[in-house]
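J.: So TrEMBL lists these for the protein:
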type	residues	note
DOMAIN	15-222	domain 'MARVEL'
TRANSMEM	21-42	transmembrane segment
TRANSMEM	101-123	transmembrane segment
TRANSMEM	135-156	transmembrane segment
TRANSMEM	200-218	transmembrane segment
REGION	243-285	region 'Disordered'
COMPBIAS	245-260	compositional bias 'Low complexity'
COMPBIAS	261-285	compositional bias 'Polar residues'
Amino acid sequence: MDPVSQLASAGTFRALKEPLAFLRTLELLFAIFAFATCGGYSGGLRLSVDCINKTESNLSIDIAFAYPFRLHQVTFEVPTCEGKERQKLALIGDSSSSAEFFVTVAVFAFLYSLAATVVYIFFQNKYRENNRGPLIDFIVTVVFSFLWLVGSSAWAKGLSDVKVATDPKEVLSLMSACKQPYNKCIAVHSPVMSSLNTSVVFGFLNFILWAGNIWFVFKETCWHSSGQRYLSDPMEKHSSGYNQGGYNQDSYGSSGGYSQEASLGQSSDEFGQQPSGQAAFTNQI
């Protein structure tokens with residue numbers, strides 16, 4: 001039998017029904033959506049500059065930009081409407097740091113979720129054999145939860161800067177020809193940002209998934225089991241003390257009843273001896 005078949009036969013896919021493995025699978029899928037919608041983005045806008053002298057006009061100025069959004073490196077030429085001269089401009093801003101950090105977190109989260117899912121399915125016994133595996137899993141889950149929160153927040157701010165820098169009105173304001181009232185400058189096509197908005201949504205969804213999974217990973221660690229033992233020991237001591245007190249009370253009750261019966265018997269005997277003494281005194285008389 002080949003190794004793949006052995007792993008398939010040894011693996012128990014019932015683990016996917018448990019919250020721990022099920023959430024890891026969702027984290028894997030959501031991480032793919034996060035870095036695909038951000039890292040695979042490419043868009044652009046189209047502007048039109050209509051000069052008084054029609055020969056100097058340019059009605060189709062295409063400006064393309066893509067991940068990692070180093071907008072200051074995106075250059076384009078526009079007419080000045082003053083002869084054949086051209087003005088070379090560049091977009092404003094650089095959101096590469098936040099975008100690359102977000103994609104990096106998504107890629108590493110995908111790789112870890114894939115590895116953890118494989119361990120849950122095929123090596124579950126070794127995972128729970130000692131406490132090292134759950135502890136490492138717990139620490140990594142906490143770290144990735146924090147990274148998702150920071151990365152998603154940073155990328156949300158970076159995306160806001162990208163939208164401002166690629167707004168056609170902002171780009172037109174950079175052109176000297178558009179500052180003249182007799183020239184006509186319009187935006188033919190605006191950039192589509194729907195996939196980038198989706199990446200931010202998936203970023204915060206990943207944070208919610210990873211933060212929620214902290215509890216299920218914590219339950220696999222020794223900290224949770226030791227806490228349960230600590231809570232169960234006082235309860236056992238309390239119940240044993242209660243039973244011991246009940247036993248003493250029963251013993252006390254039984255001993256008390258025995259003493260009462262003994263004293264009652266003794267008094268009855270004394271009372272029974274009294275008539276015999278009177279009879280003897282009468283006989284003597």
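In case you wondered, yes, glycine gets a Cβ from its N, Cα and C as well.
Heads up, TrEMBL stuff is auto-annotated, nobody curated it.
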J.: List, by number or range, the same-chain residues at least 6 past the transmembrane segment (21-42) whose CB is under 8 A from its CB atoms?
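T.: For the transmembrane segment (21-42), the list is 15, 64-67, 99, 102-103, 106-107, 109-110, 113-114, 116-117, 120-121, 155, 195-196, 198-199, 202-203, 205-206, 209-210, 212-213, 216.
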J.: In the same chain, who gets a Cβ under 8 Å from the transmembrane segment (135-156) while lying at least 6 residues past its ends?
T.: 38, 97-99, 101-102, 105-106, 108-109, 112, 116, 127, 199-200, 203-204, 206-207, 210-211, 213-214, 217-218, 220-222
